[in-house]
Amino acid sequence: MWQAFKNAFKIPELRDRIIFTFLALIVFRMGIYIPVPGLNLEAWGEIFRRIAETAGVAGILSFYDVFTGGALSRFSVFTMSVTPYITASIILQLLASVMPSLKEMLREGEEGRKKFAKYTRRLTLLIGGFQAFFVSFSLARSNPDMVAPGVNVLQFTVLSTMSMLAGTMFLLWLGERITEKGIGNGISILIFAGIVARYPSYIRQAYLGGLNLLEWIFLIAVALITIFGIILVQQAERRITIQYARRVTGRRVYGGASTYLPIKVNQGGVIPIIFASAIVSIPSAIASITNNETLKNLFRAGGFLYLLIYGLLVFFFTYFYSVVIFDPREISENIRKYGGYIPGLRPGRSTEQYLHRVLNRVTFIGAVFLVVIALLPYLVQGAIKVNVWIGGTSALIAVGVALDIIQQMETHMVMRHYEGFIKKGKIRGRR
């Protein structure tokens, strides 16, 4: 492993990419400590701790604070991080599955992807502006102590909205530069850095919680099993053999090759969990606004009804998103169009039904896995009775991005005849 890292720095291009990525991440981490203008930082720290202890929103705040790398707890210019961009990307991907014009745009090659990326940035600006205004205004209005002396709520809202929106767009630009000049996907790297930066605070929470030896062993075992399970499921796929018919033109023979169609167990990544988290938080938000104690207790984070609805939503969205990004009808049509077929099946309807059946079976495993990952923090907290946010979702993102980084570094090193991180086999990057 250490020899592989040494080899990586022997390749000038790879060394420059690694250094650029580290410098970009330093800039990202510095920005997290810059508060928005007009904020009473000390008062906000007390307010955040008080809100985080509220039964209905504790899990939601912890989940979001992990994604922002702790920026929310500091109410910094990077408070929204790249979440508006992720939301915009998901919305446009879903629209592309039902709007022929967007679907055709994605099929136009590089130019189409550039146009799609431009639409994503515009939607990010719109969503980011609305989100920044809503967060700034609602928090300042309900907690006027967080506003610095001499600044009214309206002034703070304007300053905070502009600062957070500028922070999001800067991170979007920084992520694109990392993709272009660094290692891995820039947006994923920023989220990865934010998640990993929170791990020391998790360990500190566990230490201050006074865990005994047995509870420490349980906590470490859960973490190791979770990481192993994530790697296993992230890499798992069902391969369907595709055979292409041979064509003879003159003295040349075309086709006749055999390949495979991969169907990943976890097609949607963390997107089903993000969708489910957004929906399941609505009753808690309504309860907080209306101050309805019955609704607060009913949909308390970690309560039976909350976990039941959360789990069912994750299960549903896993199937829903799998069908969106892997359309059996479209794929069977493409196989037939290019002269391919699945051995033992007729092209067309039979192939489509077979792909649909395999997709359902494979997705079931992925859906059960994501439900366990989503509910893991609440199950661990219930077992050891300590408020330690061991997030399966954050681990899923961190491990996925780490695998992608290793795969890219491996490719650079193998191309230049250096021994990589893996001596046998090959890690597949996320698609």
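From the backbone N, Cα and C atoms, a Cβ is placed for every residue, glycine too.
In terms of which side of the membrane each occupies, Swiss-Prot places P100 apart from A383. Range annotated as intramembrane segment by Swiss-Prot, chosen from 74-77, 262-265, 354-357: 74-77. Annotated range for intramembrane segment in Swiss-Prot, selecting from 85-95, 151-161: 85-95. Here the transmembrane segment (183-198) sits against the transmembrane segment (390-403); at least 3 CB pairs are under 8 Å, leaving out pairs fewer than 6 apart in sequence. The topological domain 'Periplasmic' (134-161): residue composition by secondary structure is 21 helix, 1 strand, 6 coil, according to DSSP. Distant neighbours of the transmembrane segment (271-283): 57, 60, 63, 86, 90, 295, 298-299, 306, 309-310, 313-314, 317-318, 320-321, 367, 370, 373-374, 393, 396; these residues of the same chain sit at least 6 beyond its ends, with a Cβ under 8 Å from one of its Cβ atoms.
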